[in-house]
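> Questions regarding the structure given below will be posed in turn.
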Amino acid sequence: MTLINPNIQESNKLKFKDESYLDFNSINGGDIRHDWSSEEIKEILDLPLMDLLWRAQIVHRSYNPGYKVQLASLLSVKTGGCSEDCAYCPQSVHNETTVQPNPVIEVESVLDRARAAKDAGADRFCMGWAWREIKDGNAFDSMLEMVRGVRELGLEACVTAGMITDSQASRLAEAGLTAYNHNLDTSPEHYSKIISTRTYQDRLETLRRVRMAGITVCCGGIIGMGESVSDRASLLKVLATLDPHPESVPINALVAVEGTPMEDLSSIDPLEMVRMVATARVIMPKSRIRLSAGRQQLGREAQILCLQSGADSIFYGDTLLTTSNPEVEADRKLLADAGITANFS
């Protein structure tokens, strides 16, 4: 009895419009590309959904056998009062939202939250500061102390705090920082519609400094901000042509907040997030694809499809910076119902 379709090897090849091929068998064998074109990526995004899910799962199973998922916790250490004008963000001083500037949380309080996150099952603790850029001084010294404390707890430590200098990146590396998050948000073509106070090149320069310091890179974007599918492909192209690829790629869905310029935008179709996650997995096989903000509007079924097709991390806890997130118990049940194991490093 023949159990394996003899045509399966050939069906693992995807033919692009320019007559070139993407061989999924070579991806499984470790052939990691950094020369993707936007056109190729858009063709993957536009595949019939069943084909896309199947092909993404081929890659996902190869690099993540057993569907293990990392649980990460995120704390807003400095909330509100940011001078940037990001159109989606309730923490911007340019947007009239209910978020008020709050003082920086003290070091020991942050470490208490890190201990609680570890006790709840997280093994990565992320800390956010609503800043345009890091400035030297007491606040930065406290950040370094927090990083050291989180690492001493046995957790991975990630920081997101805006632009950074070479010296600051080096000091964070010396403190033991695991990862620095600095998202691109959207495509280069759509970027000017989202923010005017920081250039796309500023963001890429920050990523370069993080990489040069020996810190792993966490970089992704947001969908649902009025961009086209071509914009999504362009964003993924920028990420997938970085060499090496970002170790962590958070994929967010816009959470439209009253008082921001994007308050009236409709929620995305959940399957758009599934497509984005699956495509990211195909083109960045070794990266950790993080299912991030906007999970609540996806529903259980779409979240499970994301986990099946490429996501191998979720943010865990009832708040993501200033937006709501599923309750811990709900996430535990979701993972259990899907037969997914957490955690891994």
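For all residues, glycine too, the Cβ spot is worked out from N, Cα and C.
OK, Swiss-Prot features for this one:
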DOMAIN    67-295  domain 'Radical SAM core'
BINDING   C82, C86, C89  [4Fe-4S] cluster binding site
BINDING   C126, C158, C218, R290  [2Fe-2S] cluster binding site
> Under a three-state reduction of DSSP output, how is C158 ([2Fe-2S] cluster binding site) classified: helix, strand, or coil?
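Reduced to three states, the DSSP call for C158 ([2Fe-2S] cluster binding site) is strand.
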> For C86 ([4Fe-4S] cluster binding site), what is the tally of other C-beta atoms lying within 10 angstroms of its C-beta?
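Other Cβ atoms found within 10 Å: 22.
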> Among C126, C158, all listed as binding-site residues, which has the most CB atoms within 10 Å of its CB?
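It comes out as C126.
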> Determine, to the nearest whole angstrom, how far the Cα atom of R290 ([2Fe-2S] cluster binding site) is from the Cα atom of C82 ([4Fe-4S] cluster binding site).
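Cα-Cα, rounded: 25 Å.
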> Would you list, in sequence order, the binding-site residues among C126, C158, C218 whose CA lies within 10 Å of the CA of C82 ([4Fe-4S] cluster binding site)?
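Checking each Cα against C82 ([4Fe-4S] cluster binding site), there are no hits.
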> Mind looking up the mean pLDDT for the domain 'Radical SAM core' (67-295) in the predicted model?
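Averaging the confidence scores along the domain 'Radical SAM core' (67-295) gives 93.
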> Report, in whole Å, the straight Cα-to-Cα distance of C86 ([4Fe-4S] cluster binding site) from C126 ([2Fe-2S] cluster binding site).
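With the alpha carbons as reference points, the distance is 21 Å.
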> If one measures from the C-alpha of C86 ([4Fe-4S] cluster binding site) to the C-alpha of C218 ([2Fe-2S] cluster binding site), what distance in angstrom results, rounded to a whole number?
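For C86 ([4Fe-4S] cluster binding site) versus C218 ([2Fe-2S] cluster binding site), the Cα atoms are 19 Å apart.
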